[in-house]
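Structure first, commentary second.
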């Protein structure tokens with residue numbers, strides 16, 4: 001049984017007050033996790049219906065791991081659980097932003113960094129673009 | 001001819017300084033646009049190789065419109081051009097965050113709002129989840 005109603009027409013999607021998340025052909029929706037206090041982008045990941053339903057039920061972020069093809073309770077092994085303070089959806093309800101308080105050491109990235117976005121892309125100037133680490 | 005080198009091994013992806021963006025099977029990469037000053041999430045969209053190359057060359061955000069299946073110079077008709085102040089990629093180089101200064105009236109969403117994330121998802125409490133508009 002589906003956890004969420006099917007997406008309606010354009011007007012309902014954009015201005016409606018019923019949550020009808022749009023999953024892609026793999027059954028996934030894109031999720032941006034941001035820090036609860038400062039709003040910095042921590043990571044971009046995906047949820048399927050089941051993980052989104054669990055996230056809403058438990059108040060903790062559950063994702064779908066595309067590499068492992070399994071439900072992924074964020075922080076289960078690392079202690080970096082994500083307590084969801086707020087969830088938002090966008091105009092066509094095919095993306096989510098969750099504002100999270102992070103448990104454990106407060107980190108998010110599996111490389112040990114606070115955020116997964118630790119490298120800046122520097123313009124190509126005719127050659128291949130380079131990355132600069134910020135931390 | 002491809003615009004970007006192919007992704008390397010896990011170590012190169014995560015710790016390397018060469019930009020090797022990973023496009024999905026549709027040739028797309030997920031992009032989160034955030035406001036230049038406050039860092040608030042404005043929109044989530046996609047770029048293909050060509051639009052990413054143009055974005056790096058011109059300093060203006062170009063996306064790939066999945067609904068129109070065409071290159072999309074953001075703001076071309078609305079005036080809401082996005083000047084890219086900074087671009088970041090994540091640990092596995094399959095997502096981008098761009099920090100943008102928005103032209104025109106400073107808006108971003110086609111519904112006329114500043115951000116596409118104008119609705120908060122309220123937990124289900126056993127029933128279907130509801131949305132609350134913030135603006």
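Numbering starts at 1 and runs along the chain as it is shown here.
Keep in mind that glycine also has a Cβ here, set from the backbone N, Cα and C atoms.
The domain 'Phosphoribosyl-AMP cyclohydrolase' annotation in TrEMBL covers A:43-118. Residues annotated as Mg(2+) binding site in TrEMBL: A:90, A:92, A:94. TrEMBL lists A:91, A:109, A:116 with the feature Zn(2+) binding site.
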Inter-residue C-alpha distance, residue A:90 (Mg(2+) binding site) and residue A:116 (Zn(2+) binding site) (nearest angstrom): 22
The domain 'Phosphoribosyl-AMP cyclohydrolase' (A:43-118): DSSP-derived helix, strand, coil residue counts: 10 helix, 30 strand, 36 coil
Spatial neighbours, same chain, of residue A:116 (Zn(2+) binding site) - Cβ under 8 Å, 6+ residues apart: A:42, A:43, A:44, A:108, A:109
Other C-beta atoms that fall within 10 angstroms of the C-beta of residue A:92 (Mg(2+) binding site): 15
Binding-site residues: A:90, A:94 - member with fewest neighbouring CB atoms within 10 Å: A:94
Neighbour-count leader, CB within 10 A, binding-site residues: A:91, A:109: A:91
Integer average pLDDT (0 to 100) for the domain 'Phosphoribosyl-AMP cyclohydrolase' (A:43-118): 96
